[in-house]
Amino acid sequence: MAERTARIASASGLHARPAKIFVEAVTATGVPVTIAVPGGPELNAASILSLMGLGAGHGTEVVLRTEGDDADRVLDELVTLLETDLDAA
Amino acid sequence: MSEVPGSVDAAQPPTTITGVGVSPGRVIGPVRRMAEPVAAPAESEQRDPGRSADDEKARLAGAVDSVVAELGRRAEHAAPDAAAVLSTTAMMAADPTLTAQAGTLIDDGASAERAIWQAAGAIASQLEELGGYMAERVTDVLDVRSRTVAELRGLPAPGVPDSDTPYVLVAVDLAPADTATLRPDLVLALVTSDGGPQSHTAIIARAAGLPAVVAARGADALVDGTEVAVDGGTGTITAPPSEADRAGVVRWQQQQLAQQSFTGDATLSDGTPVELLANVGGGADATAAAEAGAAGVGLFRTEFSFLGSDHEPSVDEQYAQYRPVFDAFAGRKVVVRTLDAGADKPLPFVTDTDEPNPALGVRGFRTTLSSPEVLVHQLEAIARAAADSEAHVRVMAPMISTPAEAERFATVCREAGLETAGVMVEVPSAALSAPAILRRVDFLSIGTNDLTQYTMAADRQLGALSGLNDPWQHAVLRLVAETARAGAERPESVGGPAPVGVCGEAAADPALAVVLLGLGVTSLSMTARALPRVATVLRTVSADDCRRLAALALDSEDAEAARAAVRAELPVLEELGL
């Protein structure tokens with residue numbers, strides 16, 4: 001089990017456009033990844049509806065978890081994405 | 001079946017359906033019906049006992065695949081912005097959390113239809129509770145749900161039909177979201193069986209110059225592909241079209257060409273000048289209105305720059321929205337209406353969506369009770385954009401009910417450095433208090449849509465009440481007359497006569513425009529497309545005629561009689577097909 005904490009950089013939070021880009025990236029990893037706000041339930045990170053339901057605004061901390069041989073590389077990639085302002089892209 | 005223009009099917013007697021004509025124009029084309037909204041599957045709807053849970057999940061997956069494919073196909077043909085929205089919607093349709101939750105319900109025995117309906121409904125409520133931007137995405141989740149259920153039932157997808165050829169759109173009523181996806185190059189006319197003269201359908205049709213008939217009860221019986229003639233002036237739909245209808249379409253097209261010669265020169269037949277202004281929502285509108293010959297802007301609806309935003313735009317962002325409108329009317333008048341949020345235009349950062357009765361709630365100027373800073377910032381942006389441009393900028397507040405509110409508005413305007421402030425008259429109390437209000441502000445502008453709704457206590461969206469929701473109603477005309485008189489009779493001690501304009505949809509009705517001038521209204525502001533036809537009709541009447549026809553209208557006890565009495569005196573309307 002690998003785990004990383006990331007801070008949402010997109011100006012308006014993890015809403016439709018940044019959420020869509022993130023879901024595409026999670027889906028592309030081919031492994032199950034969960035996302036949670038501290039103390040909250042672990043949700044499927046490949047679900048745009050779950051991400052939107054997190055209500056994670058700009059600056060919110062989220063915890064990503066996954067398993068497998070490649071877990072560290074996968075999470076590093078996803079953290080980089082979350083810490084990029086996808087609204088500005 | 002092939003359509004032969006001019007052919008008459010002897011087996012099919014012509015039928016005429018009558019509604020309310022809300023946007024003039026005559027066209028002929030085939031009917032395309034808007035698919036009915038998808039009905040909720042019953043809470044008790046179980047899956048067919050012959051199918052296993054896995055079969056039922058496979059059925060759902062197949063429907064989801066079709067919905068995703070269809071949205072993807074539409075995204076390919078859409079503009080970049082719309083394509084991004086469509087592909088996000090497709091992602092929601094195939095969302096793993098949604099399908100997993102629906103799968104659990106199927107395991108418990110629910111049908112695929114019921115399972116997806118309930119699972120998506122639960123997610124939609126969660127998003128709604130988050131408020132703000134996420135709450136606005138609720139519509140997308142519910143749209144995905146309707147599409148999937150329609151697919152499972154083998155019904156057409158809800159919404160505006162996909163078509164590559166021009167058609168007459170027939171619907172029960174159109175929501176703002178539907179009207180946003182209309183392709184003006186494909187839609188020839190709008191016909192709704194519900195909806196009133198001030199419904200979204202009517203407003204969008206007038207702005208787009210599309211002929212439209214609303215509250216056409218019999219329209220529900222029209223089937224796809226039937227060729228119909230639509231007359232948005234008289235409010236009739238005829239199937240099949242007669243020779244007279246075909247001639248009428250040609251005549252209408254010729255008149256449209258002739259009217260394009262309008263250059264902004266608006267006078268009555270006796271040479272009295274008339275101030276004809278445009279209603280605009282932003283820079284593109286304003287440029288088009290200036291080209292269409294508007295003498296200025298009588299209503300700049302600023303909320304269009306705010307809608308779709310979950311936070312208050314910065315002063316700089318607002319400045320950038322206002323400046324192009326002012327620049328399009330350098331040297332001329334631009335009346336800016338401050339933010340009119342609430343009721344049918346909720347904004348997450350100023351309005352409360354839980355009000356039981358939003359039309360009577362915290363809307364318009366009343367939002368300054370809870371968020372006074374939003375108005376202060378907006379006035380700052382307007383004042384800055386006005387100072388940097390050549391336009392004569394004035395501001396007015398929406399939904400004013402008392403002289404005290406008018407005074408509060410005038411005070412914040414002065415503090416922002418804006419010299420000329422006015423208020424809208426949309427609430428009957430404001431019309432009746434007009435003399436006192438005019439001791440606090442410099443001008444009035446009558447919003448006939450809301451004034452009619454509040455005077456008659458009739459929701460402007462309800463087709464069943466379209467007879468009540470009519471600006472020709474006696475009480476509405478009386479209030480307009482009172483308000484105009486207050487302007488004309490303002491004492492010299494407080495500045496002398498004050499302008500009283502009309503900026504509601506009523507000003508775009510050429511017959512009513514004549515009456516409004518006769519009642520003493522000093523300017524008419526309307527969708528730019530209506531300027532040529534209103535100017536054409538006004539050129540045929542003198543100031544005395546206007547007063548005489550206004551008296552005729554006021555003498556009528558109901559809207560129908562008033563309209564009929566005035567139209568009978570204006571034969572030019574018939575000649576122009578208005």
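Placed from the backbone N, Cα and C atoms, the Cβ positions cover glycine too.
Of the listed candidates (B:ARG439, B:ARG440, B:ARG460), TrEMBL assigns B:ARG460 to the same phosphoenolpyruvate site as B:ARG301, B:ARG337, B:ASN449, B:ASP450. Taking each of the recorded positions B:HIS200, B:ARG301, B:ARG337, B:ARG460 in turn and counting other Cβ atoms within 10 Å of its Cβ gives the largest count for B:ARG460. Applying DSSP to the domain 'PEP-utilising enzyme mobile' (B:166-235) sorts its residues as follows: 19 helix, 19 strand, 32 coil. Per DSSP, the compositional bias 'Basic and acidic residues' (B:44-56) is made up of 4 helix, 1 strand, 8 coil. Of all the recorded positions in the record (B:HIS200, B:GLU426, B:CYS503), the one with the smallest CA separation from B:ARG337 (phosphoenolpyruvate binding site) is B:CYS503.
Looking at B:GLU426 (Mg(2+) binding site) and B:ASP450 (phosphoenolpyruvate binding site), their Cα atoms lie 5 Å from each other. Counted over all residue pairs in B:ARG301, B:ARG337, B:ASN449, B:ASP450, B:ARG460, the record's binders of phosphoenolpyruvate, the longest Cα to Cα distance measures 21 angstrom. Taking the Cβ of B:ASP450 (phosphoenolpyruvate binding site) as reference, residues of its chain lying under 8 Å away and at least six apart in sequence are, in sequence order, B:MET399, B:GLU426, B:VAL427, B:ARG460, B:GLY504. Taking the Cα atom of each, B:CYS503 (active site, proton donor) and B:ARG301 (phosphoenolpyruvate binding site) are about 11 angstrom apart.
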